[in-house]
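Engineer: What follows is a single structure, and I will ask about it in a moment.
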Amino acid sequence: MKVKLITVGKLKEKYLKDGIAEYCKRLKRFTKFELEELPDEKIPNNASQAQNTYILEKEGQRILNKISNREFVIVLAIEGKQFSSEKFSQLLSATMLKGYSDLTFVIGGSLGLSQEVKKRASILMSFGLLTLPHQLMRLVFVEQIYRAFMIQEGSPYHK
């Protein structure tokens with residue numbers, strides 16, 4: 001199975017880059033893991049709702065251009081379904097058993113995601129009502145993907 005994480009915006013902080021790189025390295029033993037950073041749009045100070053919508057649509061089109069019809073897509077959105085680590089691991093297993101060979105996760109930029117991206121999702125997933133910087137969410141989410149594979153393996157990593 002090929003697993004891809006599409007994100008909006010360039011990661012700036014070294015400690016986040018290092019953490020993500022470590023989990024990407026660990027994931028190689030389970031899957032072909034690909035991280036794709038797409039450019040974000042500049043948000044003007046005091047942007048209007050129309051400007052924000054335009055930015056979301058532009059970023060959304062970039063995301064959709066990276067997703068094929070055959071991919072199972074899980075989009076992180078606050079209104080999505082919450083999963084425990086165990087249930088998330090089961091979801092990944094079930095996706096593989098259904099014959100999907102390409103699994104794509106999407107994390108939006110600071111404004112979130114366009115409705116078109118959410119409509120393309122096979123599943124909307126949420127980490128709860130907490131607000132986290134989208135760059136930090138990348139590290140947390142890559143760790144959870146790694147944890148899901150470790151749970152499938154029966155590893156003591158997940159206690």
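Note: Cβ is positioned from N, Cα and C throughout, glycine not excepted.
Just so it is clear, the model here is predicted, and its values are computed rather than measured.
Okay, so Swiss-Prot annotates it like this:
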BINDING   Leu76, Gly108, Phe127, Gly128, Leu129, Leu130, Thr131, Leu132  S-adenosyl-L-methionine binding site
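Any idea what these are sitting next to in the structure?
Structural biologist: Cβ contacts within 10 Å of Leu132 (S-adenosyl-L-methionine binding site), excluding its own Cβ and spanning all protein chains shown: 13.
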Engineer: Can you tell which of Gly108, Gly128 has the least company, meaning the fewest other C-beta atoms within 10 angstroms of its C-beta, among these binding-site residues?
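Structural biologist: Candidates: the binding-site residues Gly108, Gly128. Fewest Cβ atoms within 10 Å: Gly128.
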Engineer: Could you give the maximum C-alpha to C-alpha distance in Å for the residues Leu76, Gly108, Phe127, Gly128, Leu129, Leu130, Thr131, Leu132 that bind S-adenosyl-L-methionine per the record?
Structural biologist: 16
Engineer: Report the member of Leu76, Leu129, Leu130 (the binding-site residues) whose C-beta atom has the most other C-beta atoms within 10 angstroms.
Structural biologist: Leu76
Engineer: Comparing the binding-site residues Phe127, Thr131, which residue's C-beta has the most other C-beta atoms within 10 angstroms in this structure?
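Structural biologist: Checking each of Phe127, Thr131, the winner is Phe127.
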